[in-house]
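Okay, so here's the structure we're looking at.
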Amino acid sequence: MSGNGGGIGTGLGSLAGSGRTVTTIAEVRAAADAVRAAGGRVGFFGTSGALHEGHLTVIRRMAAECDLSIMPLFLAPVPGVTSDAVPAYDRDFDADAALAFDAGVNLVFRPAVAEMYPALPVRTAVVPADELAAPWEGAEDPSFLRMAATALAKYYNIVGPCRAYTGEKDWVPLTVLRRMVVDLSIRAEIVACPVVRLADGLCASSRNSRLSAADRAAAPTLYAALTAAVAAVEAGERDAEAIRSLLRRRISAVAPVDYAEVVDATTLARVDPLAGELRLLVSADFTGTHLFDNVGLTVRDADADADARVTVPAVGTTAAAPATDRRTSG
């Protein structure tokens, strides 16, 4: 088991401890405070469970960079917080905890609903600004981004100053979190980890387990469309609408398109022509399961001869997981 603390060599393993489960906010705060008081670094990775290789890759990085690695395992119907947008894939929290400990988590936080939310329904929420949230909410329940931001703000408040790890796969929630910690002066440093892809290019995702065989075979079209769009930009295309049309055309051949966008990587504002640090964002509905993907692109200048550079790893170089295990195949 690798979850034994001291990730950055500060000798705080005895404070962090090997993998253990706690159930109260006070226990989490006591552990984090002790490590910080000794000069150590606290890491936090928020997830709702159903761990797969994408999650585990983030956890391993957190464990390598922090002296105490904390992960929650909590998902329950909470009026005012939870959303129907959270998919109903299977969760085995005991198995998830074992995987997390093996990857380097020191502390799994498994609170009861009454511990997390003693007064229901919840009356306070973090509401992302319309320019960050509105264009993307059509893919799912409009309350999803609010739910995610509210839950993570609460976790960051519980843990205290920390490095807050997340993945680049969900670029819109990542952007919301980055803005939230700045706007609300939350003492969390957002650490974004690259997308983990399976050998065929599909993002590692818990949602993959809900796909039919036909949809699973078609799903890599998302990344294929993104790479085709990148190739078009590298060949000199600077018309953002042309890139959006290319993405929609490729993806609509296999699934209804929720959105296919080219945006500023920081603000999520639509761009045209293509210039600067950009993100290509796509989402499609595979028989009720919404899959998301994105790639980063730097266009140094809007001129036709400008250089374009892809900023994500090639297919299969980050992770290729066995298809027989849902926890490593999606």
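Indices start at 1 and increase along the chain as displayed.
Glycine too: its Cβ is placed from the backbone N, Cα and C atoms.
On a predicted model such as this, the values are computed, not experimentally measured, just so you know.
Lifted from Swiss-Prot, the feature list:
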type     : residues                                                               : note
ACT_SITE : His55                                                                  : active site, proton donor
BINDING  : Gly167, Glu168, Lys169, Asp170, Val196, Ala204, Ser205, Ser206, Arg207 : ATP binding site
>> For Gly167 (ATP binding site), which of the three DSSP-derived states applies: helix, strand, or coil?
In response: strand
> Rounded to a whole number, what is the top Cα to Cα distance in Å among the residues the record ties to ATP, namely Gly167, Glu168, Lys169, Asp170, Val196, Ala204, Ser205, Ser206, Arg207?
Replying inline: 16
> Near Ser205 (ATP binding site), how many other Cβ atoms are within 10 Å of its Cβ?
Replying inline: 28
> What is the number of other Cβ atoms found within 10 Å of the Cβ of Arg207 (ATP binding site)?
Replying inline: 18
> Does DSSP give Arg207 (ATP binding site) helix, strand or coil?
Replying inline: helix
